[in-house]
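J.: From Swiss-Prot, for reference:
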DISULFID  Cys5-Cys23  disulfide bond
DISULFID  Cys11-Cys34  disulfide bond
DISULFID  Cys20-Cys39  disulfide bond
DISULFID  Cys24-Cys41  disulfide bond
Amino acid sequence: DRDSCVDKSRCAKYGYFQECTDCCKKYGHNGGTCMFFKCKCA
């Protein structure tokens, strides 16, 4: 699920945040970015 990390990772409104990427990688994604305080896995 692309949004599996949204509730687990807090992040800044804009830009990139390491916890988001780490969470996404744990779920098998390549990484993630933060958009509007939410983590989006890529």
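Each Cβ is built from the backbone N, Cα and C atoms, and glycine gets one as well.
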J.: Determine the most Cβ-crowded residue among the disulfide-bonded residues Cys20, Cys41, using a 10 Å radius around each Cβ and all protein chains in the structure.
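T.: Its Cβ has the most other Cβ atoms within 10 Å: Cys20.
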J.: Quick check for the class: what is the C-alpha distance, in angstrom and rounded, between Cys24 (disulfide bond) and Cys39 (disulfide bond)?
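T.: That separation, Cα to Cα, works out to 8 Å.
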J.: Helix, strand or coil at Cys34 (disulfide bond), per DSSP?
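T.: DSSP assigns Cys34 (disulfide bond) to strand.
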J.: Between Cys23 (disulfide bond) and Cys41 (disulfide bond), find the distance joining the two CA atoms and give it rounded to the nearest Å.
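T.: Cys23 (disulfide bond) to Cys41 (disulfide bond), Cα-Cα distance: 9 Å.
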J.: What's the CA to CA span in angstrom from Cys34 (disulfide bond) over to Cys20 (disulfide bond)?
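T.: With the alpha carbons as reference points, the distance is 7 Å.
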